[in-house]
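Peer 1: TrEMBL lists these features:
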DOMAIN    64-176  domain 'Phosphatidic acid phosphatase type 2/haloperoxidase'
TRANSMEM  36-55  transmembrane segment
TRANSMEM  60-80  transmembrane segment
TRANSMEM  100-124  transmembrane segment
TRANSMEM  131-149  transmembrane segment
TRANSMEM  161-182  transmembrane segment
C-alpha cells in the first residue's frame, strides 16, 4: 500500500513539476518572495508578530506563540527531512539554492507555522468579522505564495509543499490553542475540577 501511494504521488509530483517547467513565469519574483520563507526573515517576523500580539492583547503568553510555533515547527521539519530523506527535483533545473531533503518543504512549513499561529490567536480574540476574515486572507495568501515560489524555482515537489503546509498548520494550531487554554486557566484559577470538565 505504501509503495502504491508513493508511486501515485510520485507520478503526480512529476506531472506538476513538468507544468512549471513548461511555463516559467515570474521567476525573478519567485526568487525574491522565497527569501521571505527563510529563518533569517521568519525569526524577526516572529518577534514583530509577538510584540504586536502583546501590544494588542497585553499577554506575554500570547506574544510568544509565534516564536514557539516557529521554533518547534523548524525542529520537527528537520527531523522529518532526515527521516523521509526524499530527493529533490533534478538539481540542474533549480533556479534557487536548496539544501537537505525535499520532504516536507521547510520554507512552506515555517511560513505556515508563523502565519497560522498569529491567525489563530487573532481569530480567537477578535470579535470583528472583518478582522478575522482579513487574518485568514493574509495567512492563506502568504502560504500559497510561498508554496508557489518553491514549485516555480524547481526545488520542491507538490507533495513537499502540501506536507509543509499541513505540518505548519498542525503545529501552529496546537501551539496557539495550548497558549489560549493556559491563559484561560490563569484568568480564572479558582474554577473547580467539575467546572473545568464541563
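Just so you know, glycine gets a Cβ as well, placed from its N, Cα and C.
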Peer 1: DSSP-wise, what's the residue breakdown of the domain 'Phosphatidic acid phosphatase type 2/haloperoxidase' (64-176) into helix, strand and coil?
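Peer 2: Split into helix, strand and coil, the domain 'Phosphatidic acid phosphatase type 2/haloperoxidase' (64-176) gives 86 helix, 0 strand, 27 coil.
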Peer 1: If you average the pLDDT over the domain 'Phosphatidic acid phosphatase type 2/haloperoxidase' (64-176), what number do you get?
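Peer 2: In the predicted model, the domain 'Phosphatidic acid phosphatase type 2/haloperoxidase' (64-176) has a mean pLDDT of 90.
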Peer 1: What residues in the same chain, six or more past the boundaries of the transmembrane segment (36-55), come closer than 8 Å to it by Cβ-Cβ distance?
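Peer 2: For the transmembrane segment (36-55), the far contacts come to 62-67, 70, 74, 106-108, 110-111, 114, 117-118, 121-122, 146, 149-150.
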